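According to Swiss-Prot, the protein carries these features:
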- CYS669: active site, proton acceptor (ACT_SITE)
- CYS78, CYS81, CYS86, CYS139: [4Fe-4S] cluster 1 binding site (BINDING)
- CYS90, CYS129, CYS135, GLN155: [4Fe-4S] cluster 2 binding site (BINDING)
- VAL128, 193-197, 217-225, ARG234, LEU260, 478-486: FAD binding site (BINDING)
- 339-342, 363-364, ARG370, 436-438, 479-484: NADP(+) binding site (BINDING)
- SER548, LYS572, THR573, LYS707, GLY765, THR791, GLY792, GLY793, CYS814, SER815: FMN binding site (BINDING)
- ASN607, ASN666, LEU667, SER668, ASN734, THR735: substrate binding site (BINDING)
- CYS941, CYS944, CYS947, CYS951: [4Fe-4S] cluster 3 binding site (BINDING)
- CYS974, CYS977, CYS980, CYS984: [4Fe-4S] cluster 4 binding site (BINDING)
- 69-99: domain '4Fe-4S ferredoxin-type 1' (DOMAIN)
- 932-964: domain '4Fe-4S ferredoxin-type 2' (DOMAIN)
- 965-995: domain '4Fe-4S ferredoxin-type 3' (DOMAIN)
Amino acid sequence: MTGHTGDVSQVHDIEILALNPTVNKHATFKPTIVSKKDKENWARLDHCKKGCELKNDFEDVKPTTLTERGALFESARCLKCADAPCQKGCPTQLDIKSFISSISTKNYYGAAKTIFSDNPLGLTCGMVCPVSSLCQYGCNLAATEEGPINIGGLQQFATEVFKKMNIPQIRDPSLTPLSQLPESYKAKIALIGCGPTSISCATFLGRLGYTDVTIFEKEQYLGGLSSSEIPNYRLNYEVVEFEIKLMKDLGVKVEYGKRLGENGFTVESLQKQGYEAIYLGIGMPEPKIDPVFNELTSDQGFFSSKEFLPKVSKASKAGMCGCKSQLPQLNGRVIVLGAGDTAFDCATSAFRCGASRVTVCFRRGFSDMRAVPEEVDIAKDERCEFLPYVLPKQVIKRDGKVVAMEFYKTEKGDDGNYSVDEDQFFRVKCDYIISAFGSQIGSVAESCSPLQFNKWGTADIDPMTMTSKHAEWLFCGGDLVGNGTTVEAVNDGKTASWNIHKYLQSLHGIPIPDGPPQLPNFFTPIDLVDISVEMCGMKFPNPFGLASATPATSAAMIRRSFEQGWGFAVTKTFSLDKDLVTNVSPRIVRGTTSGHHFGPGQGAFLNIELISEKTCHYWCKAIGELKRDFPDRIVIASIMCGFNKEDWTQLAKMAEASGADGIELNLSCPHGMGEKGMGLACGQDTELVFHICQWVRAATRLPFFAKLTPNVTEIKEIAKAAHDGGADGVTAINTVSGLMGLKGDSNAWPAIGDEKRTTYGGVSGNATRPIALRAVSSIRKSLPDYPIMATGGADSADATIQFLHCGASVVQICSSVQNQDFTVVQDYITGLKTYLYMQSREDLLQWDGQSPPNEIINKNPKLKGLPKFGKYLLERNRIDTEEKQNIDLQKVKNPLVPSPNPTHPVPSLKDQINRAIPRIGRHDDLKRDQQVVALIDEDKCINCGKCYMTCNDSGYQAIKFDGKTHIPLVTDLCTGCDLCLSVCPVPDCITMVPRETIYVPDRGLTVQN
């Protein structure tokens, strides 16, 4: 082969390197007039579609909507606070920090389960909740520069992923079976109106076990205002169908075309038919119309929001109705009256119906608008105009059509009240008027009898129980009682369900004790999966246990961990009284492996903490108490002493007498104890390990495990010594010896005492996981079927599965508890169950864990070569707007299908152990004739050039970077090293695909024989 000629160090790729960063050796300038023009070439922020460009465009426009990348980034930012204020701000009391914690570990089912447990319309609320005035309102991160968490976006993301899984809801089988419930659970229950509040109420009643629950809906579609009045670009009908399907999974029935006041259908008629409890969730069905608009019709150019928004929804929400409705054609100038959320839905919908200009007019000032910022910001971005301090005076018509609107000016007094100045009025030209001045019960009030209404026109109820003050069997919620947001309506239904339950049981002589409500959680077949595992005769209810570390500092802490669901615990290492220790402080510090990252989710910790300061007698007593109170949990005693047969024998016998299930020999503490001839001092020598294991084997019949140090050349040799000495298994690994960092004055942290001295400590956490995975797999390959307890960065179900695949049976956990609290185990449990369940469904086998496969999208060839910035983005928008004019808005993209049954048995945890081992081996066994190259998805690329830079300065100069479009192009020089993919900030933007040509390495110079 012929290599380079001339100097081999000469730079040859001048063209490719043209845009590669170089060090500036002097300041530069560009005239302002030039830079002003240039910046437009790269603009992204102000180039979204707006105004008339939005005609027929009902795609999601919410700025809160997240991709998986965004969700993982945002969830990692969450502090997961104690007594979290976000939960207090949520009407449904969602455990927000828990579901966000699950998202951060890629356990999207766990997140969805948490959400749907408290909010059966969790996806709807994730999409439309005014979080800025609810959960986000109290976010502690609002006190920082980066601002509050995007809670709504995270909720939407997790529940949408669960929707794609297509898994049915079932009733928790741990509850009393339906066949064994008393007759009171067969009571007939009616709900009127199939909107959010009724769906919520019916779902909880179904979970409680009521089997005769019927919803009566006036329309031929379901969902109430979620379907008819919230636009598709905020909430599509697929979401409504999905949540109703989950409700129907519990046996709830729905009857269509049942309109109050028609054909004798009333609240009282239902009671006469034997319905023992009735829930009214009909909203406020009629608009409030200003007398100025009396006798005006849509043909003349006037709409109420109650008329306009349903017309838009029927024409734009695929699957909502079978009719072939057309969008209202508002070709001209539109005035929207009102300043609530509904008014802004009307305003942004008007653009999609062809409006050339939309003006939102309202009586108050900007600071007193009722609409939430989420709605106002979208309208502002889409170029709606705003006209505050005005009140309708009269409509101007010409030839029977609206042509203008006259307004009075209003003023705000010092007392905060608004007044009308009739001396000031003006005219605004328009072609259409949409009134969004609120709604009222109207003519159906009589059909709601015996329900009565208060002076505000809302139902007269007890707001603590949602019970009518005039009929104990009648309950109400949602708009009807003045709670106008979707999430408040959902919570009304939830509250009513419990009180309906209490009422019905009392009717049948079964009083429900006072105390906190106990509504059943969301439950699916995933939750039935068995994740128990047996190792060395010990039956672990789940593979998650506390490592012998800070979370096991005391018996009371282990007790609390068991109460939260942990399967086992290893005690903090204890010694004989003659070897008692006293710790220094400070002794546990955050890692530096994740850069300057503060707060949650630390990638590593370093500690110089010694073994337990408590006596061996304390721990032996504690073990007995824990086994007495938690007989199904595994308790393993961790012991340590020097190389002394009598001491090891005594400690082993004490541990056995305490009632422990097993013993762990701490032969690996990397700091402090080694200086005393213990821990690391014993565990680095195969001969010492062999003899210690022999002594312990002779002293006890309990299974015992040697805890191994990674601070050796080859850990499998230490494992072999333990095996040969009689140990039943090993724990791999203990912490890695390290020095975490130095300050600018050369002092390390932790620095002890006035002299600021330090020592090498043990590094733990995710930073050690690659070392731990290597250790576990190496031991497994060397000692097939030898029991292994893994530890070292097991911070999720996802990480746990990796350890199982490498040969471990259970995992010990410390750092993730230090990062959060004991409740994280529930995230790991649901995550592991989900992983196993998904392997039983053929349609889910292509998922990467809980990450859905990339959707196959037919890419528009017209968009090729057009990045999403500057003039190229404007051109993309033009093409998209043009093609939207002919789009079939009623074509269902993702039709709802029945949940498939498993096609294979759900595998056991044991089936996962060792799965990766056959594919881990020698470098010489790797195929050199099966090469790959990088493929960049232009549509996903954000044009950052990270791939280009790393390939230039750390790779093979194989990527070109267009100076105008910033689109990267992989050339034939690509060697498939994968570095570009590793630094790419967008998941799946770069993939490695088979190389189509034979790979010929560049040897630099001609190969010499």
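Note that Cβ sites are derived from N, Cα and C of the backbone, with glycine treated the same way.
Structure coloured by features recorded in Swiss-Prot.
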| residue | record | Cβ contacts under 8 Å, 6 or more apart |
| --- | --- | --- |
| CYS90 | [4Fe-4S] cluster 2 binding site | ILE96, LEU134, CYS135, VAL487 |
| PRO196 | FAD binding site | LEU121, THR124, GLY223, GLY224, LEU225, SER226, GLY281, GLY478, THR486, ALA489, VAL490, GLY493 |
| SER548 | FMN binding site | VAL570, THR571, LYS572, THR573, SER638, GLU664, ASN666, LYS707, GLN812 |
| LEU667 | substrate binding site | MET640, GLY679, LEU680, CYS682, GLY683, VAL689, ILE692, ALA706, LYS707, LEU708, THR709 |
| THR735 | substrate binding site | ASN607, PRO670, GLY761, GLY762, VAL763, SER764, THR768, GLY792 |
| CYS941 | [4Fe-4S] cluster 3 binding site | PRO867, ILE967, PRO968, VAL986, CYS989 |
| CYS977 | [4Fe-4S] cluster 4 binding site | GLY955, TYR956 |
| CYS984 | [4Fe-4S] cluster 4 binding site | LYS946, CYS947, ILE990 |
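The distance from the Cα of THR485 (FAD binding site) to the Cα of GLN155 ([4Fe-4S] cluster 2 binding site) comes to 17 Å. Across the structure, GLN155 ([4Fe-4S] cluster 2 binding site) and VAL128 (FAD binding site) place their CA atoms 11 angstrom apart. Residue with the densest Cβ environment among the binding-site residues THR485, ASN734: ASN734, by other Cβ atoms within 10 Å. Taking every pair among SER548, LYS572, THR573, LYS707, GLY765, THR791, GLY792, GLY793, CYS814, SER815, the residues recorded as binding FMN, the greatest CA to CA distance is 20 Å.
Within the model, the domain '4Fe-4S ferredoxin-type 3' (965-995) shows a mean pLDDT value of 96, rounded to a whole number. Within 10 Å of ASN734 (substrate binding site), as judged by C-alpha distances, the recorded positions found are CYS669; the full candidate list was CYS78, CYS86, VAL128, CYS669, CYS944, CYS951. Long-range Cβ contacts of the domain '4Fe-4S ferredoxin-type 1' (69-99) within its own chain (Cβ-Cβ under 8 Å, at least 6 residues beyond either end) map to 106, 110-112, 114-115, 118-119, 122, 125, 134-141, 146, 149-151, 153-155, 157-158, 485, 487-488, 490-491, 494, 599-601, 820, 823, 826-827, 985-987.
The binding-site residues considered are ASN483, ASN607, ASN666, SER668; of these, ASN483 has the fewest other C-beta atoms within 10 angstroms of its C-beta.
Of the residues the record lists as binding substrate, namely ASN607, ASN666, LEU667, SER668, ASN734, THR735, the two whose Cα atoms sit farthest apart are 17 Å from each other.
DSSP assignment over the domain '4Fe-4S ferredoxin-type 1' (69-99) gives 18 helix, 0 strand, 13 coil.
Reduced to three states, the DSSP call for LEU260 (FAD binding site) is coil. Candidate recorded positions: CYS81, CYS86, CYS669, GLY765. Nearest to PHE437 (NADP(+) binding site) by Cα distance: CYS86. Neighbour list (VAL481 (FAD binding site), Cβ cut-off 8 Å, at least 6 residues apart, same chain): THR458, ALA459, ILE461, PRO463, MET466, ASP492.
Following the DSSP three-state reduction, the secondary structure of CYS947 ([4Fe-4S] cluster 3 binding site) is helix.
Within the set of binding-site residues GLU219, ASP341, SER668, CYS814, the entry lying nearest in space to CYS951 ([4Fe-4S] cluster 3 binding site) is CYS814 (CA atoms).
Checked against GLU219 (FAD binding site), the binding-site residues CYS78, CYS129, ASN483, CYS814, CYS980 differ in C-alpha distance, with ASN483 being the nearest.
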